[in-house]
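Okay, so here's the structure we're looking at.
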Amino acid sequence: SITAILFNIPGTPMAAATALDGHPMKLQGKGLRALEMALFASVIGGTFSNFLLLFTAPPLARIALKFGPAEVAALIFFSLTVVASLMGDTPLEIWKGLVSLGGGLSLAMIGLDMMTTTRRYGFGIVGLDSGINFVTAIVGLLALSEVLVQTEKIVNLKLYNFKDEIRSSEKLTWRSRINDIRICAIDILRSSLVGSFIGALPGLGATTASFMSYGEAKRASKHPETFGKGEIRGVAAPEAGNNAVCAASLIPLVTLGIPGSIVAAALFGAFMIQGMMPGPM
């Protein structure tokens, strides 16, 4: 999230939602404020998820067990509509979001079909059989575009005019920090719940939780038009959501033997190496 806020280049896919408001805050001279809120929300989200794992793993596992393919598909479809709605509220902006969503889904379909092993949109290129790497796509679409923007500014000799480009950083006091926490408290709690629930469902991951948390924070706000323009709640919500996934993704692992994320899958492999078999068996 540090690079997402400072340079508009997410270091991981789940930090992409943080960049939507984090980088505009940095351009307004509020970069330190955004970084501190991102850190605070991450700690709260992770701690909340840890306690949830300790005390509510069995009931959450029973709920997760009832989620079949239809329920998971409905949840994924809902998360896709949330991502599309982040573009704005006007019909034109919604259509732009839907077109972008369709383009993303088309790129995600490249590769071998897992059921029939049929090649999709590979054009005979063997290297595309495994699909387009998500991290590579994020870096190419976001990082490369930011590099080109900064290069253009260098050519126009505007990069080093910091007084016009970036306002001087505001001074942070304990009173301002407490006020930020008060403003974001409800969003952090809500996002922690969303992230924990998403983490308990195998296969969805922190990226889905991050964007769903951002969408819920925007939907619940009295002034949703401020999101995307440097709203601090737009930094707190996705950070709390994606960090709440970490411990919650262990719930299906330790209770059902089903890894809930890539990290949980790696831990599952470590358990098996040591002769331990998580789950009801």
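Cβ coordinates are placed from backbone N, Cα and C, and glycine is handled just like the others.
The feature domain 'DUF112' is assigned by TrEMBL to 1-281.
Here the transmembrane segment (34-55) has Cβ contacts under 8 Å with residues 1-2, 5-6, 18, 21-22, 25-26, 172, 177, 180-181, 184, 188-189, 191-193, 195-196, 199, 232, 235-237, 239-248, 250-251 of the same chain, all six or more residues outside its ends. The feature transmembrane segment is assigned by TrEMBL to 34-55 (among others).
Annotation source TrEMBL lists transmembrane segment at 67-88 (among others).
The transmembrane segment annotation in TrEMBL covers 94-114 (among others).
Residues or ranges marked as transmembrane segment in TrEMBL: 121-144 (among others).
Annotation source TrEMBL lists transmembrane segment at 250-273 (among others).
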Stretch-averaged pLDDT - the domain 'DUF112' (1-281)
81
